[in-house]
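These notes are about the structure you will find just below.
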Amino acid sequence: MLFARRDIEAAGAGACQDGSPAAKKGKPESAAAAAAVARPTLTRTEALAAAAVLALFVAGIFCIFLAAPRREFGQILRLPRSLADVRLLKDNLAVYASEHQANFVLGYCSIYIFMQTFMIPGTIFMSLLAGALFGVIKGGVLVVFTATAGASSCYFLSKLIGRPLVCWLWPERLRYFQSEIAKRKDKLLNYMLFLRITPTLPNTFINMASPIVDIPFHIFFAATLIGLIPASYITVKAGRALGDLRSVRELYDFKTLVVLFLIGSVAVVPTILKRKRTYE
């Protein structure tokens, strides 16, 4: 246990101290190398993806202001904070969403992505609203797309400026995450799928910490896109029966959590089998 704890602390220290003056002390580096560590940059693919997300956000907000009835701004342009807000928005937006579906979808995507990028609570209510307005299939596709885009946007933002914030908010959790990632380099996609499907770690933490522990974006993107499908289905389906839902906690009862962990376990089976063969 002592050696395991030391390994975790060492891994976490590397994640939080890279680029800091303390980490550089005693390690002479060139000015160019020091600048590269201090100012992380996006690859060309990541920059294009970030630009696409930003363009979608701007276009969506513009479409909302362009097509929304001026007298109903107060009823339409509001973020749901409770189930009561979701029910109210459903009633107010039903006609608008059917008459201006393209504009509404762009606006919905923009708001959802903005909330996820800057870690604003309430995306679960947005998912419920998508189910209430569009049904399970269309609503599910919309939620998975926007959640993946928002998580990617948060990934890019964290890669540029998120290290100090993550190290301050979740130092112990980051050390643990860093050590687990180091153990699973060969089957990283399987592990990330498990984390996305199950509530083992909060999605906000995964979005912020992934670039800091050097998880490649293509693995992060694939795990997010696939791994969010089960939870999104549960939430969107619940949105079809808002009247029967008394609390958000009912979405993830014991039975639902067991199902999610069983699905997530399938993702890590290849890793377990590989370890077994190695020991044999």
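Using the three backbone atoms N, Cα and C, a Cβ is placed for every residue, glycine included.
Whatever TrEMBL says is automated annotation, not expert-curated.
Small disclaimer: the values here were computed from a predicted structure and weren't measured.
Residues or ranges marked as domain 'VTT' by TrEMBL: 120-240. Annotated transmembrane segment per TrEMBL: 47-68, 143-170, 215-236, 257-273, in sequence order.
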Long-range environment of the transmembrane segment (143-170) - Cβ separation under 8 angstroms, sequence gap at least 6: 15-16, 18-19, 40-42, 46, 49-50, 53-54, 56, 108-109, 112-119, 123, 126-127, 130-131, 203-212, 217, 220-221, 224-225, 228-229, 232, 235-236
Helix, strand and coil counts within the domain 'VTT' (120-240) (DSSP): 98 helix, 0 strand, 23 coil
